[in-house]
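Straight from Swiss-Prot, the features:
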| type | residues | note |
| --- | --- | --- |
| BINDING | 105, 354, 355, 443 | chloride binding site |
| INTRAMEM | 107-114 | intramembrane segment |
| INTRAMEM | 175-187 | intramembrane segment |
| INTRAMEM | 191-199 | intramembrane segment |
| INTRAMEM | 385-399 | intramembrane segment |
| INTRAMEM | 403-414 | intramembrane segment |
| INTRAMEM | 415-419 | intramembrane segment |
| MOTIF | 104-108 | motif 'Selectivity filter part_1' |
| MOTIF | 144-148 | motif 'Selectivity filter part_2' |
| MOTIF | 353-357 | motif 'Selectivity filter part_3' |
| SITE | 201 | site 'Mediates proton transfer from the protein to the inner aqueous phase' |
| TOPO_DOM | 1-30 | topological domain 'Cytoplasmic' |
| TOPO_DOM | 68-74 | topological domain 'Periplasmic' |
| TOPO_DOM | 115-121 | topological domain 'Cytoplasmic' |
| TOPO_DOM | 165-174 | topological domain 'Cytoplasmic' |
| TOPO_DOM | 200-212 | topological domain 'Cytoplasmic' |
| TOPO_DOM | 231-250 | topological domain 'Periplasmic' |
| TOPO_DOM | 280-285 | topological domain 'Cytoplasmic' |
| TOPO_DOM | 308-327 | topological domain 'Periplasmic' |
| TOPO_DOM | 375-384 | topological domain 'Periplasmic' |
| TOPO_DOM | 437-467 | topological domain 'Cytoplasmic' |
| TRANSMEM | 31-67 | transmembrane segment |
| TRANSMEM | 75-98 | transmembrane segment |
| TRANSMEM | 122-139 | transmembrane segment |
| TRANSMEM | 146-164 | transmembrane segment |
| TRANSMEM | 213-230 | transmembrane segment |
| TRANSMEM | 251-279 | transmembrane segment |
| TRANSMEM | 286-307 | transmembrane segment |
| TRANSMEM | 328-347 | transmembrane segment |
| TRANSMEM | 353-374 | transmembrane segment |
| TRANSMEM | 420-436 | transmembrane segment |
């Protein structure tokens, strides 16, 4: 064995004795944590960016097949059903067979892992979420890629700690949180929102310290640099740039926030109802689960042909709405329709998130509210698009209960920095109203539901064995 081979072997195999382990063991040297946080950010950025590219590729390929090859062999409606059903089947099968924790958004799983009550099987979650998400999102279901990107980012953070054999619990925790921040930063091209999401939304689980906050910041920045290097530096959503509204119009934003606060509480409860309904339908039986998911995929494949506005994550719909392409009545119908399709898709347990669908809902209702206000108050100088942007932040704030994150997220996604004041008013109004109504943050609600169901399953196992 040559000297070079001996060195490589010592690095890869005898990790406790190598230079990397010594580097990490210097009394929790901050530079070591920050170095690993940067690595986590780069990897989370790569995973998140290429996940977006992969989902877009699947969607475009599906469309091309319908236009050319399969569309000529079969009736168009049948081809659309079969393609989307097959894509959905892949997503549901991978989740149920290899990583049930990859169902849904995945953010509650990361929060549970930060509390040491949920495992992070990164070697399963990352591939299942990546390829399963490609299938589910590519089929046209109303799901977002942002939640999966956060879960994969957190899994990348745990992967790095395992590969480098990091033993310190605080460091492992910091890198898990750093991965989640990097995932969100890469998903939305929003580094500030990625940082604040961990600090604000995950505040019950996040261990605040100077080192952990620095690690989160570095990871989010590195992930965003990777995203911009691959996808460019444009905002995720292209829309008009608005000037700040006049002060006498700000009360309308507060009213809009109150409406979203009430709806946010109702929406969170309906999510749980939808999940329970699907569990009662398939009873965690794999065959029933796959049949349910495959049928849903086929239905949304058909909707893609005739009512595409009711399909997909909804990011593509936001510019059309803010450009004034829909009447108020049509916006209300689309809002109601997308509420139903969002609940169906997310409640079914498909590997996809709810971030993007919620932003689309906020846009639809917000623009309808603004257009109605402009008709009723013609002397007030307002633009309906302002309320669409405010609605995005308000619904996020009401459901996730993270107003600062929602404000930063919308500003970074749309580049509408002049609307920060109406965004603050709308988001805070939504949060306060949601608290008065007694609602709970959606991800905490989903985590508690997961833990409760796991306990019930564990209690049922001895009874089944005894019987």
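Heads up, the Cβ atoms here are built off N, Cα and C, so glycines get one too.
Since this is a predicted model, take the numbers as computed values, not measurements.
Feature annotations (Swiss-Prot) mapped to structure.
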| residue | record | CB count, 10 Å |
| --- | --- | --- |
| 105 | chloride binding site | 23 |
| 201 | site 'Mediates proton transfer from the protein to the inner aqueous phase' | 25 |
| 354 | chloride binding site | 28 |
| 355 | chloride binding site | 28 |
| 443 | chloride binding site | 24 |
Problem - Spatial neighbours of the topological domain 'Periplasmic' (231-250) far in sequence, C-beta under 8 Å, 6+ residues away - result: 49, 52-53, 188-190, 315, 318-319, 322-323, 380-383, 385-386, 389, 412-416, 418-419, 421-422, 425
Fill in the blank from the handout: Apart from the site residues 105, 354, 355, 443, the 8 Å Cβ neighbourhood of the chloride centroid comprises 104, 107, 144, 146, 147, 346, 353, 358, 400, 442, 446
Practice task
Tell me, please, if the transmembrane segment (353-374) and the transmembrane segment (251-279) are in contact, taking contact as 3+ Cβ pairs under 8 Å between residues separated by 6 or more positions?
Solution key: yes
Problem - Listed stretch, out of 31-67, 75-98, 122-139, 146-164, 251-279, that has the most CB pairs under 8 angstroms to the transmembrane segment (420-436) - result: 251-279
Practice task
Would you give the longest CA-CA distance, in whole angstrom, between residues of 105, 354, 355, 443, the set recorded as binding chloride?
Solution key: 11
Exercise for the section: Taking only the Cα atoms, work out how far residue 354 (chloride binding site) lies from residue 201 (site 'Mediates proton transfer from the protein to the inner aqueous phase'), in Å, as a whole number. Expected result: 15
Exercise for the section: Give the residue counts of the topological domain 'Cytoplasmic' (280-285) per reduced DSSP state, in the order helix, strand, coil. Expected result: 3 helix, 0 strand, 3 coil
Exercise for the section: Restricting to the motif 'Selectivity filter part_3' (353-357), report the mean pLDDT as a whole number. Expected result: 93
Handout entry: residue 354 (chloride binding site) in three-state DSSP notation
Key = coil
Completion exercise
Its residues classified by DSSP, the topological domain 'Cytoplasmic' (165-174) shows 6 helix, 0 strand, 4 coil
Handout entry: DSSP three-state assignment (helix, strand or coil) for residue 443 (chloride binding site)
Key = helix
Practice task
Measure from the CA atom of residue 201 (site 'Mediates proton transfer from the protein to the inner aqueous phase') to the CA atom of residue 443 (chloride binding site) and give the result in Å, rounded to a whole number.
Solution key: 9
Handout entry: Pairwise CA distance, residue 105 (chloride binding site) versus residue 201 (site 'Mediates proton transfer from the protein to the inner aqueous phase'), rounded so that it is a whole Å
Key = 15
Fill in the blank from the handout: Near the topological domain 'Cytoplasmic' (115-121) in space but 6 or more residues beyond its ends, with Cβ under 8 Å, are 99, 101, 109, 154-155, 158, 176, 204-205, 447, 450-451
Handout entry: Secondary structure at residue 201 (site 'Mediates proton transfer from the protein to the inner aqueous phase'), reduced by DSSP to three states
Key = helix
